[in-house]
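Single-structure report; data block below.
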Amino acid sequence: CQAVEHFFFWSEIVVFGFDEHPAGGYKKIFETCGELNEPIPAIVVGVIPEWLSGSLLRLGPGLFEVGAEPFYHLFDGQALMHKFDLKNGHVTYYRKFVKTDAYVRAMTEKRVVITEFGTAAYPDPCKNIFSRFFTYFKGIEVTDNCLVNVYPVGEDFYACTETNYITKVDPDTLETLKKVDLCDYLSVNGVTAHPHIESDGTVYNLGNCFGKNMSLAYNIVKIPPTQKDKSDPIAKSKVLVQIPSSERFKPSYVHSFGMTENYFVFVETPIKINLLKFLTAWSIWGTNYMDCFESNETMGTWFHLAMKDPAKYIEHKFRTSAFNLFHHINSYEDDGFIVVDLCTWKGHEFVYNYLYLANLRENWEEVKKAAMRAPQPEVRRYILPIDVHREKQGKNLISLPYTTATAVMRSDGTIWLEPEVLFSGPRQAFEFPQINYSKFSGKNYSYAYGLGLNHFIPDRICKLNVKTKETWVWQEPDSYPSEPIFVQTPDSVEEDDGVLLSIVVNPGADQRPGYLLILNARDLTEIARAEVEVIIPVTFHGMYKP
């Protein structure tokens, strides 16, 4: 009963009736599950391409409470790593918790020990009042709960969140190998969970730091590829360029950034971290990371550019209206302009306010009511002119023939950006975007793939032609997929010649409620699925390892 629609798919879905979830099966993807002692075989339906031989690695929360203490936010559950192995048409599934300090100590003490994104850790109630008092004032203990993504550095693989800690893992056994503090090598307070990786293995990332005069700034950092002497590339990390912050003590929340062949693109949103509150929060009963966020209702959104080589910040002042941003889709250069495609959420209210587990576990009608109040999603294209001339004040600086996006020089020297909308549907988000990264990252491209969020509930896989705005969808009733990962067909020529891999959960299935879905990336028709006899909780990001 697969449904694949082409063009204007949001209106067509209503006909199929797949956009309603009155049974509330989605609640199952926010429930605790156990590890597996060994990989389990999957039942394959269809025929897996012979060339598809490798591992799909995914990260997400797997433990949503410790003893009687619940985690409250979607980004709090303890990191669970998943792996689907594909070889000779056969598939196995395996999962293990990442043995972070946060996890090990929670399991040992049977309580939440380290404060997470939306859950505060309290002192051990078994301690006397004096030791509890000193526990509060011993300083900030930052979480290493690496539940967001996994990526390669040299020949190694690291699970990550958005703090200064990353965790080295074995992609074959899923064993936890080593905790790494990036502060030992770089001037950053934390880095994003979405680094950019070049074909030679060079890794670029972005994080906030203390700049001149103890004011906040953002550092673009570079980790070199595999070293000839087999030394750790992280030990040779360096800061490439520093980007100033719009506010001295309030950095913006940043989840990803853009990179073209010659430039970095950083979007500074009005979602701010109140650093003074953050530094004092751990001495106040019951404070967590979410309590330290606030919105600047007047700044709008700032775009920053920096050159890669030579590394240099560009002083242009690009401004636009307020939006939340978590995921860049792609950025590229074209005839003196930089094209930046983004998954935005309108306004300055923080979208994460709506991702508490209590909200996501509500009955369907309540989930919809909450989404009605939340910022609305929109896929947008912004275009930044590289060469800016003051004499063109009041005129649109963009001359690319294929876009309606504008950039206008104002009298105060700022350049006001208006986007072209690539996709917009009420309470229907195109999110967790992926592209043919190995061939088209930083280049002029046509196709983006994404997870469709229906009132924040993931219930479809989408494809978007960013040039024509055509859309395709895969969807089945009461089925909840994950971010689709594009895997290119060997020796392919066309951009969308490949497959998409997604973990799907159908909680109502009698026997095998979880499966790896393999779709044709051209039209989102199903090629095969590999079903397992376990529920698989929500996953955020991951990668395909050939």
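Counting begins at 1 with the first residue displayed.
Any Cβ shown, glycine's included, is placed from N, Cα and C.
Features of the protein shown, as given by TrEMBL:
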- H194, H255, H327, H541: Fe cation binding site (BINDING)
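Listed in sequence order, N149, H255, S256, F257, H327, H328, H541 are the same-chain residues six or more apart from H194 (Fe cation binding site) with CB atoms under 8 A from its CB.
Within the group of binding-site residues (H255, H327, H541), the Cβ with the highest number of other Cβ atoms inside 10 Å belongs to H541. Take the mean position of the Cβ atoms of H194, H255, H327, H541, the recorded Fe cation site; other residues of that chain with a Cβ within 8 Å of it are V148, N149, T192, A193, S256, F326, H328, F432.
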